[in-house]
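A.B. asks: Let me begin by handing over the structure; questions about it come next.
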Amino acid sequence: MASTAPIGVFDSGLGGISVAREIRRDMPNEHVLYFGDSANAPYGTKSPEQVRELSDVIVKRFVEQGVKAVVIACNTATSAAANELRDTYDIPIIGMEPALKVACDRGHGKRQRVIVAATPLTLRERKFAVLMDRFKADHTIFPEPCPGLVEIVEHGQLDDHDVVMRTLHQYFDQYDLSTIDSVVLGCTHFVFYRDYFRELLPDTAAIIDGNEGTVRHLGVVLESLGKLAPEDAEGSIDLANSDTSARIAQLAQSLLDR
């Protein structure tokens, strides 16, 4: 596989565009093929079997397009399908996971109180339970399923301040937020809500997502294989979606340009 081959990035819908943007920032010479499965969004309320089947169809298409690696820019699909995809395809498959370690390490040994905002399926899967087990003895962790946030992005309502804040309050008013050290955004859609979370949370609370760490890992893997794009290559992002409507195409481009 040539170093100039593209990187496949996919998500249940439009959230993974936040990861594609991170690749563009950190690895500007790379050619990214982005596929959003908005016709089947959200994944977070589906069964693991459904998510595995949908993910396999997408990765198979990427392989046919000659990608050198695939980034599962979806915490839910990572939880449900990453291991099976790695067993099936002979290319690097890079997944996401909630950046819980980053949040806990902020305390430098002091007990941290952390909310993990994610989809219901991400929080139900064994992968998250294993992650929780690593940290729950020394930290207080609150898993918070937030199914409605994916739909707001997919429906193009991200700029509707009242709708977004009303939805966030539904999930987070149960907490004394003044006691929270960090909120982990455990879904790539949620990264687009960072400014809203900043409005909701006290200044002392950190907002953490896994995009930066995932893209850093992608770079390390490609470098180890000698597959980083040459420095004179012109990077690009091609957007595709299972929902071929003009509305989704315009929304995807607006999120990429955001």
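Counting begins at 1 with the first residue displayed.
Using N, Cα and C of the backbone, Cβ positions are placed for all residues, glycine too.
Pulled these from Swiss-Prot:
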| type | residues | note |
| --- | --- | --- |
| BINDING | Asp11, Ser12, Tyr43, Gly44, Asn75, Thr76, Thr188, His189 | substrate binding site |
| ACT_SITE | Cys74 | active site, proton donor/acceptor |
| ACT_SITE | Cys187 | active site, proton donor/acceptor |
A.B. asks: Give the three-state DSSP assignment (helix, strand or coil) for Asn75 (substrate binding site).
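C.D. replies: In the DSSP reduction, Asn75 (substrate binding site) maps to helix.
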A.B. asks: Using the CB centroid of Asp11, Ser12, Tyr43, Gly44, Asn75, Thr76, Thr188, His189 as the substrate site centre, which other residues of the same chain sit with their CB within 8 A?
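C.D. replies: Residues close to the substrate site, other than Asp11, Ser12, Tyr43, Gly44, Asn75, Thr76, Thr188, His189: Gly13, Gly15, Gly16, Ala41, Pro42, Cys74, Ala77, Thr119, Thr122, Val150, Cys187.
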A.B. asks: Cβ-Cβ under 8 Å from His189 (substrate binding site), same chain, 6 or more residues apart: which ones?
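C.D. replies: Result: Asp11, Gly13, Leu14, Gly15, Ser18, Leu149, Val150, Val153, Glu154.
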A.B. asks: Let me know how many other Cβ atoms fall within 10 Å of the Cβ of Thr76 (substrate binding site).
C.D. replies: 33
A.B. asks: Rounded to the nearest angstrom, how far is the Cα of Cys187 (active site, proton donor/acceptor) from the Cα of Thr76 (substrate binding site)?
C.D. replies: 8
A.B. asks: Considering each pair of residues in Asp11, Ser12, Tyr43, Gly44, Asn75, Thr76, Thr188, His189, all listed as binding substrate, report the largest CA to CA distance in Å, no decimals.
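C.D. replies: Farthest-apart Cα atoms in Asp11, Ser12, Tyr43, Gly44, Asn75, Thr76, Thr188, His189 are separated by 12 Å.
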A.B. asks: What does the structure give for the C-alpha distance between Cys74 (active site, proton donor/acceptor) and Cys187 (active site, proton donor/acceptor)? Integer Å is fine.
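C.D. replies: Rounded to a whole number, the Cα-Cα distance is 6 Å.
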A.B. asks: My understanding is the cutoff is Cβ-Cβ under 8 Å with a sequence separation of 6 or more in the same chain; which residues meet that for Ser12 (substrate binding site)?
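C.D. replies: Gly36, Asp37, Ser38, Asn40, Ala41, Pro42, Tyr43, Gly44, Cys74, Thr76, Ala77, Val150 - these are the non-local Cβ neighbours of Ser12 (substrate binding site), listed in sequence order.
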A.B. asks: Should Ser12 (substrate binding site) be counted as helix, strand, or coil on the basis of DSSP?
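C.D. replies: DSSP call for Ser12 (substrate binding site): coil, neither helix nor strand.
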